[in-house]
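Trainee: Take this structure first; my questions come after.
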Amino acid sequence: GIPCAESCVYIPCLTSIGCSCKSKVCYRN
């Protein structure tokens, strides 16, 4: 997937723009 501009180690991903956590990095679905 396309990496989002954030990590999901300490904060959750921006699911409102379709990002989900994979391997400690937020990816767009």
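Including glycine, each Cβ sits where the backbone N, Cα and C put it.
Swiss-Prot lists CYS4-CYS19, CYS8-CYS21, CYS13-CYS26 with the feature disulfide bond, giving sequence analysis as the kind of evidence.
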Trainee: Sort out for me which one of CYS8, CYS26 has the most neighbouring CB atoms within 10 A, since those are the disulfide-bonded residues we care about.
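Mentor: Checking each of CYS8, CYS26, the winner is CYS26.
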Trainee: Reported as an integer number of Å, what is the Cα distance between CYS21 (disulfide bond) and CYS13 (disulfide bond)?
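Mentor: CYS21 (disulfide bond) to CYS13 (disulfide bond), Cα-Cα distance: 6 Å.
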Trainee: How many Å lie between the Cα of CYS4 (disulfide bond) and the Cα of CYS26 (disulfide bond)?
Mentor: 5
Trainee: What are the sequence-distant neighbours of CYS19 (disulfide bond), meaning same chain, six or more residues apart, C-beta distance under 8 angstroms?
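Mentor: Listed in sequence order, they are CYS4, GLU6, CYS13, CYS26, TYR27, ARG28, ASN29.
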